[in-house]
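Here the structure is laid out as structure tokens; the discussion comes afterwards.
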2 protein chains.
Amino acid sequence: MTYAMIGTWRMAYEGLSKAMTTLEAGGKSTDAIEIAIKEVEDYPFFKSVGYGGLPNAQGLVEMDAAFMDGNTFAIGAVAGISDVKNPISVARQLSNDHFNSFLVGAGASQYAMFNGFEARNMLTERAHKLWAKRVQEINEKNLSPYDGHDTVGMVSLDQDAGMAAGTSTSGLFMKKPGRTGDSALSGSGFYVDSDIGGATATGLGEDLMKGCLSYEIVRLMGSGLSPQAACDQAVYPFVEKLKKRYGKVGEFSLIALNNQGEWGVATNVEFTFAAGNDEQTPQIYMANPGPDQTTIIEPISEAWLIAYEKRIKAPID
Amino acid sequence: MTYAMIGTWRMAYEGLSKAMTTLEAGGKSTDAIEIAIKEVEDYPFFKSVGYGGLPNAQGLVEMDAAFMDGNTFAIGAVAGISDVKNPISVARQLSNDHFNSFLVGAGASQYAMFNGFEARNMLTERAHKLWAKRVQEINEKNLSPYDGHDTVGMVSLDQDAGMAAGTSTSGLFMKKPGRTGDSALSGSGFYVDSDIGGATATGLGEDLMKGCLSYEIVRLMGSGLSPQAACDQAVYPFVEKLKKRYGKVGEFSLIALNNQGEWGVATNVEFTFAAGNDEQTPQIYMANPGPDQTTIIEPISEAWLIAYEKRIKAPID
């Protein structure tokens, strides 16, 4: 039977590859999503998710995460959670509850501690330095403080045709305390229905929630479109609509996977992602907006990967 | 030119009536939404919104609210905000920002204070008594603690064809600290596009966010359906799907208004709402699920209104 997985950004690759071995062995999509996203949360050099994530304006790391089971529509989510090693695991556990399954702020952090999740100061020395440097730049050059909002989002299909989706992010760098984006919001940050497929989003959450694009992509796939056609048709017209009606539009990128293991991507900015299935080992790809509301997708180059590795580990001066 | 407004529950009536005079005088939908919802938030005997709203398990009032401008798609939202007199006004002000427009928990409350919004202890003596009584009942009779989750939601159309939507709630009675529902979530709790129409939801937020029903209703109206047909087609099949896939479904009710001033409603439980337009003064209606995925709507009876008035002001023993 088919199994497959897709995840946002280069950072998804190692976690996705690890989770694919679970899917290959007959494991469930729900487990695969948690395994994969935990891996991303735990890696200190990814600066927009989990440990090592960039902090808010006060210098504190506040995180958002969500988990959705495509068989049952069960959703668990947290927004503005802090001092917890794996927000995705908290979100997954919350998805087991019919009530109180979306917790925010101090209530979310308290729930995690009360339920035995591992506490961790999520601010690395590196992230703290980046924050301090940014504060100085903003003060000196009067820059807009907001930058960087790369959510890891994953969609998985297992051999029993079960699907799941998850997201995790430390959100917008230098955000105001308590700010949340789309990542924990059903329909905007993620959506999955095992009878159809799933989608997740990354980018400026404030704009993504204006369009409910993850829901719309799944709906379009349900109407018979391929994941790629669904992504193109949901994303590019909405980008144009938002430019016209709101006057501007942030960066965003969406990924989709259907219940046949086929995937698609649409983006208004250079965007990397990872994907694999039973016929193809996980690979990293690069997507860019193409002509006439299409998406150009190509394998990532070795040079790009080397430059990326160098960039995320470069010393902070 | 046409103007119109619809709001969830009997409690919407006075605020909606007040806001309709603004619309009649040529005022904007955005103003009408804030005027109407503030009125509901301020009335102490509505126990699920604003002042007098029922508290969480710890006895504290935590509130959710959202505001959306259908002309621009601008959204402002707060979740788990406390000690603020009018959450809808905070949400509206946040909708002016391109970044940080959705704030949760302590960050949301701090934003409100920093920006000069009026502080208020939202816990009335009556709500405190109801909470204490409920705690005792739960302990003595081992009851499920969760009960009551009536969000006020409104959609407005002004004479310039501008539309807006808003929601406000104190959420699920006896909720865990930090719990939020659908009310602040775009697509689930609310959605509005002035070119089409708008919708808002009330009911069990944990289930509403599984369906993104407000977005779906607006989308269906955009495909040419009347508000009533859009509500019926979005809500009832999803109720069946959720029963089948999740095994159960909470209570929920949705309202919709299109850009012609026509409205519709769908619900899986007895549900009251208020609506009016340039041709008809605001009225309160009663909706119930009908046969074959339809909705039965009738004017509210005098007897129901008298019983309601008595119930919300009955002494707490």
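Glycine is treated like the rest: Cβ placed from N, Cα and C.
Values in this document were obtained by computation on a predicted structure and should not be read as measured data.
As annotated by TrEMBL, active site, nucleophile applies to B:Thr151. Here TrEMBL flags B:Arg179, B:Thr180, B:Gly181, B:Asp182, B:Thr202, B:Gly203, B:Leu204, B:Gly205 as substrate binding site.
Recorded features from TrEMBL, shown on the structure.
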{"residue": "B:Thr151", "record": "active site, nucleophile", "Cβ within 10 Å": "30"}
{"residue": "B:Arg179", "record": "substrate binding site", "Cβ within 10 Å": "29"}
{"residue": "B:Thr180", "record": "substrate binding site", "Cβ within 10 Å": "36"}
{"residue": "B:Gly181", "record": "substrate binding site", "Cβ within 10 Å": "31"}
{"residue": "B:Asp182", "record": "substrate binding site", "Cβ within 10 Å": "37"}
{"residue": "B:Thr202", "record": "substrate binding site", "Cβ within 10 Å": "30"}
{"residue": "B:Gly203", "record": "substrate binding site", "Cβ within 10 Å": "24"}
{"residue": "B:Leu204", "record": "substrate binding site", "Cβ within 10 Å": "21"}
{"residue": "B:Gly205", "record": "substrate binding site", "Cβ within 10 Å": "30"}
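Residues from the set of recorded positions B:Thr151, B:Arg179, B:Thr180, B:Gly181, B:Thr202 situated with their C-beta under 8 Å of a chain A C-beta: B:Arg179, B:Thr180, B:Gly181. Each residue contributes its Cα atom, and for B:Gly203 (substrate binding site) and the residue listed as 'active site, nucleophile' these two points are 7 Å apart. Classification of B:Gly205 (substrate binding site) by DSSP places it within a helix. Rounded to a whole number, the distance between the Cα atoms of the residue listed as 'active site, nucleophile' and B:Gly181 (substrate binding site) is 10 Å. Each residue contributes its Cα atom, and for B:Gly205 (substrate binding site) and B:Thr151 (active site, nucleophile) those atoms are 10 Å apart.
Taking the Cα atom of each, B:Thr151 (active site, nucleophile) and B:Thr180 (substrate binding site) are about 12 angstrom apart.
In the three-state DSSP reading, B:Gly181 (substrate binding site) counts as coil. Pairwise Cα distances among B:Arg179, B:Thr180, B:Gly181, B:Asp182, B:Thr202, B:Gly203, B:Leu204, B:Gly205, which the record gives as the binders of substrate, peak at 16 Å.
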